[in-house]
Amino acid sequence: MAKEKNASSSSKIWWITFGLVCGATFLTRFYKVLEPDHVCWDETHFGKMASSYINRTFFFDVHPPLGKMLIALSGKLTGYDGTFHFEKPGSKFEGARYEGMRIFCTTLGALIIPLTFLTIWEMTKNLDATVIGTLLLLCDVGFLTLNRYILLDPILLFFMSCTIYGVFKVRSLTDEGLAPFSARMLAWQLWLGAALACTISVKFVGLFVVLFAGLRTLADLWNVLGDLTKPVSYTVKHLIGRSITLIIWPILLYVFFFWIHLTVLSKSGNGDGFYSSGFQARLEGNSLNNASAPRVLAYGAAVTLKNHRTGGGYLHSHHHLYPAGAGAKQQQITTYTHKDENNKWIVKPYDREQVAGVVLVRSGDLVRLTHAATGRNLHSHRERAPMTGKFMQVTGYGEDGVGDANDVWKIIVSGGKDGDEIQTVRSKLVFIHYLQSCALTTTGKQLPKWGFEQQEVACNPNLRDNNALWNVEDNVFDQLPKMSFEVYASSFLERLVESHAVMLHGNAGLKPKEGEVTSQPWQWPINYRGQFFSANSHRIYLLGNPVVWWGNLAFLAIFFVLFIVNSIREKRAQAFGRIVEGDSSLLNAAGWNFVGWALHYVPFWAMGRVLYFHHYFPALVFSSMLTGIITVYLLQSIKSYLSRELGRAVYQGATGLVVSTTVYSFHLFAPLAYGMSGPLANEPNSTVAGLRWLDTWEF
């Protein structure tokens, strides 16, 4: 009877605590949620993309589509019509129905807190550790700021939290001995599989939590295999069940999300040029959709040439010259990923301006390419390329098609033979400079502002350059019969594969824009520098709560020491045949959180792309949970060395100090999330000067 009463009392305390956490989450997340009423930080990107979905206009982005589709859906359902331009940070919404999208993202961001509570409880069954770990996230002003705007981050972190909870729920059911194909086990595994698919469908960094779930699943299967009371067939059933629910099911969902993405974005947009001619032929309004062109290339045709590099653009020129110090001061040649009249070239014989009748261009022919808009010929010489010194410069040279011998190129069909016809779209072409014996290529390097940040074109002495492949896309020549571009259109699977190639290429090549605030991985755990979300009179500054962040950093180090010490103790105890006393479940839970933190932080050190402060926040979830668990582990250890009364007093006093300090620090730094006005912290009479603990904090 007493046990039942204690269990009932504990359950009531648990629910009251959970209710208080949910209430505090609601209050802190939705307070001033619609302020400021202007575009903040990356809302300018994801708001535009939501508008594109609503208008069904194709665009290019480096992230998978699910998060952006959900933002668009929330906007559509709450009255947003997709007409606001989200031009730049600071743009006033002025009647645009942005509220639904912002509240949707905030709601998902808010749900992370109760999910964290449930996750720590599932790991430890310890209410104190659960409360402290959850409170650290609840009271982090940086976590609050990041999860209140029209961004992918709250959606990513929500699905990541669903995944972590699912991982440990499945572990608990496995430890309870639930049958592999029981309804409850399958339901939670399907939840976990769906969460995995959704996480990686928002951003590719979701792969880190997929790896985490994979490691935890292998550990579960290893434990099942080690249970000698069960036959090996029992482990095989678990393996089959998890292969279906955690591999096949997520893959199907992931592909389904892309099918929706490619079906909805059916109209041509400004992202078309990043994709192949076959991909573009599926987009309504694109020049290749429902269009026709001659099947083969003839002299005198006006063409566009598309590079075969992933995300490659069109061969392009304009009236501007290369500046001093960038080779000869002749007309610039670039690749450009958008459709433009400056992408058009006239194909001519190398030795005359025109031919009589219809003469087909064939592999092995010597040709000149004259830029249609400026009349200058495609030209190369022994000047160094502006960005890639080992390649030769490519320029526009001559007047009205009249130049010199350095304008002559040999056109070759890759994999073909001399005399082969040049087919529109299908033929992969290499242009070899006749005198310099180098291949026309694009290096993928972005030119400075003088080149309008377009891609460098150069001539590579290595004729086997994989990026020196081109195809004829537009082919205007009225004297040849035309055929429909429908025959070139890519299938869904081809578009799926190409979408990933272009996204991954774009992601790897992201570079900082001029004046943009970036950061390095070493700066993140120490909260070295924040980032402005809104720099107007209503200032919002993304910065972690220093009490939480520096505390987390200290506890990561403490855990590492505890892990080493405990491993030595266990090894020595085994040698002497003794049993190690203490609650190993807390240390085990902390260990998995350390693994999760490392998986979400360490890989960034190896990345060459541009990085930002907000990339650390998935790792913050794990480090906060670890801090809560290790805090209780240490207090329990200290308590065990003291008398019962003194131990209880020390435990409760220390817990109260941790909780009150965390809550007060949130109160102190809350203006960073809810909005600041007046002078900056480094200026006289600033109301937030006392919060500037580091000189690198710029609010």
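We number each residue from 1, going along the chain as drawn.
Each Cβ is built from the backbone N, Cα and C atoms, and glycine gets one as well.
TrEMBL: automatically predicted annotations, no manual curation.
Here is what TrEMBL says about this protein:
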| type | residues | note |
| --- | --- | --- |
| TRANSMEM | 13-31 | transmembrane segment |
| TRANSMEM | 101-121 | transmembrane segment |
| TRANSMEM | 127-144 | transmembrane segment |
| TRANSMEM | 188-218 | transmembrane segment |
| TRANSMEM | 239-260 | transmembrane segment |
| DOMAIN | 294-350 | domain 'MIR' |
| DOMAIN | 358-414 | domain 'MIR' |
| DOMAIN | 419-475 | domain 'MIR' |
| TRANSMEM | 547-565 | transmembrane segment |
| TRANSMEM | 586-604 | transmembrane segment |
| TRANSMEM | 616-635 | transmembrane segment |
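Proximity of distant same-chain residues to the transmembrane segment (547-565), defined by a Cβ-Cβ separation under 8 Å and at least 6 residues beyond the stretch ends, is recorded for 136, 139-140, 142, 525-527, 587, 590-591, 594, 597, 620, 623-624, 626-627, 630-631, 633-634, 661-662, 665.
Residues of the domain 'MIR' (419-475) grouped by DSSP class, helix first, strand second and coil last, total 3 helix, 27 strand, 27 coil. Within the chain carrying the transmembrane segment (239-260), a Cβ under 8 angstroms from the stretch's Cβ atoms is held by residues 64-66, 69, 180-181, 185-186, 189-190, 192-194, 196-198, 200-201, 213, 217, 221, 492, 496, 499, all 6 or more beyond its ends. Within the same chain, the transmembrane segment (101-121) stays apart from the transmembrane segment (188-218): fewer than three Cβ pairs sit under 8 Å, each pair at least 6 residues apart. Counting residues 6+ beyond its ends, the transmembrane segment (616-635) has Cβ neighbours under 8 Å at 112, 116, 119-120, 123-124, 126, 128-137, 140, 142-143, 146, 153, 156-157, 160-161, 164, 205, 208-209, 521, 524-525, 544, 548-549, 551-553, 555-556, 558-559, 562, 583, 586-587, 589-590, 593-594, 596-597, 600-601, 650-651, 654-655, 658 in the same chain. Among residues of the same chain six or more beyond the transmembrane segment (13-31), those with a C-beta under 8 A of the stretch's C-beta atoms are 103, 106, 109-110, 113-114, 117, 121, 127, 130-131, 134-135, 138, 144, 147-148, 666, 674.
Within its own chain, the transmembrane segment (188-218) is flanked in space by residues 63-67, 152, 155-156, 159-160, 162-164, 166-171, 173, 241-242, 245-247, 249-251, 253-254, 257, 503-504, 507, 592, 595-596, 599-600, 603, 615, 618, which lie at least six positions past its ends and keep a Cβ under 8 Å from the stretch. Taken residue by residue, the domain 'MIR' (358-414) breaks down under DSSP into 3 helix, 29 strand, 25 coil.
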